[in-house]
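J.: Dumping the structure here so I can ask a few things about it.
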Amino acid sequence: MSSGGLLLLLGLLTLWEVLTPVSSKDRPDLCELPADTGPCRVGFPSFYYNPDEKKCLEFIYGGCEGNANNFITKEECESTCAA
């Protein structure tokens with residue numbers, strides 16, 4: 001392959017990398033956990049990242065236990081998990 005062809009290939013690969021969305025491999029593992037209200041029943045509006053829908057959704061957190069996929073604001077959820 002000529003040097004011009006290699007340069008074109010390198011440019012196309014670079015463009016592909018820039019335009020490809022961040023994959024789930026780049027997200028923290030906690031973003032893959034399901035929403036977990038926990039056993040308590042206080043009822044705090046919270047947000048979790050839904051990997052199937054690829055967005056942060058609201059749920060009601062009971063106030064104790066649960067898991068790490070639990071954010072006070074949608075913005076915090078998006079900055080941690082959304083690509």
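Glycine residues also receive a Cβ, built from the backbone N, Cα and C atoms like all the rest.
Sharing the features that Swiss-Prot gives for it:
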type: DISULFID; residues: Cys31-Cys81; note: disulfide bond
type: DISULFID; residues: Cys40-Cys64; note: disulfide bond
type: DISULFID; residues: Cys56-Cys77; note: disulfide bond
type: DOMAIN; residues: 31-81; note: domain 'BPTI/Kunitz inhibitor'
type: SIGNAL; residues: 1-24; note: signal peptide
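Any idea what these are sitting next to in the structure?
T.: The Cβ of Cys81 (disulfide bond) has 23 neighbouring Cβ atoms from other residues within 10 Å, across all protein chains displayed.
Annotation for Cys40 (disulfide bond): same-chain Cβ neighbours under 8 Å, separated by at least 6 residues, are Gly62, Gly63, Cys64, Glu65.
Within the same chain, the residues at least 6 positions away from Cys77 (disulfide bond) whose Cβ sits under 8 Å from its Cβ are Phe47, Tyr48, Tyr49, Cys56, Phe71, listed in sequence order.
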J.: Among the disulfide-bonded residues listed here (Cys31, Cys56, Cys64), identify the one with the smallest other-Cβ count within 10 Å.
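T.: Sparsest of the disulfide-bonded residues Cys31, Cys56, Cys64 by Cβ contacts within 10 Å: Cys64.
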J.: What mean pLDDT does the predicted model reach across the domain 'BPTI/Kunitz inhibitor' (31-81)?
T.: 97
J.: What is the three-state DSSP composition of the domain 'BPTI/Kunitz inhibitor' (31-81), stated as helix, strand and coil residue counts?
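T.: Secondary-structure breakdown of the domain 'BPTI/Kunitz inhibitor' (31-81): 10 helix, 15 strand, 26 coil.
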